[in-house]
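Engineer: A single structure is presented below for examination.
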């Protein structure tokens, strides 16, 4: 299985993501510059954290106008796993691949610490290695992580089981304590916390590794069935 | 040329932490009569005139300049003298 880590100008968690997929998970992974990427060559797409285009205008807004967006869209339509973390989540929202938008943290402060997440749906291709309602520790690092959607959208997210992770103690004001959501098909995940920063004990915690393992497990099962 | 003035504000009902912080500071300065404060964005875009300019600006706002999930926008188009 081969992962693409898309690098935008201003991405700064791209190497962490690459390390998580390549060294911690042991899969194939490549860093690909957003202007040169051929996503059709990869089995999964990782959109890393950072500050694409310095977050000018709004977080993720400028990156979401680049030609690579069409490729991300077709990868999503083809059912490939697409994971957007932090700025990557913001890009997915601005692209409209996931519903809602991101606001500044409720108390306006940039926050950088561990949060306890609750796995709300252990039945997605990103969470199959977790237990339902399991509590995991994953670091956050964001200023604009206050997830917002209107009431009707929130009800839809709940009904379709699109809420993958919630915060145990909401740090930023997100609607419904939401930390991560998937699209209706379940193959696109956006989350503010950084699983790629928690992939081995040496980093303090390995709770994030199982997210990457889930993607690999899903891929293997799918290919075993197809074979 | 035309000067397009675009105003972007958070939608009614969407929490505006920046506005809240400014409101608190105004209260600290003893402006006790200050109520709700909303902070928005103002942009000036110079454009060549066309029959379609209003439509174009509307689309620009929808596609990029504002995020319709959380923001409202309005604009005026002025003649540059």
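Using N, Cα and C of the backbone, Cβ positions are placed for all residues, glycine too.
Okay, these came from TrEMBL:
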ACT_SITE  A:86  active site, nucleophile
ACT_SITE  A:194  active site
ACT_SITE  A:196  active site
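I'd like to know what surrounds each of these features in this structure.
Structural biologist: There are 29 other Cβ atoms within 10 Å of the Cβ belonging to residue A:86 (active site, nucleophile).
Annotation note: residue A:194 (active site) sits in a coil segment as assigned by DSSP. Summarising the environment of residue A:194 (active site), the number of other Cβ atoms within 10 Å of its Cβ, over all protein chains shown, is 23.
Residue A:196 (active site): 31 other CB atoms within 10 A of its CB, across all protein chains.
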Engineer: Could you measure between residue A:86 (active site, nucleophile) and residue A:194 (active site) for me? Cα positions, answer in whole angstrom.
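Structural biologist: The separation of the Cα atoms works out to 7 Å.
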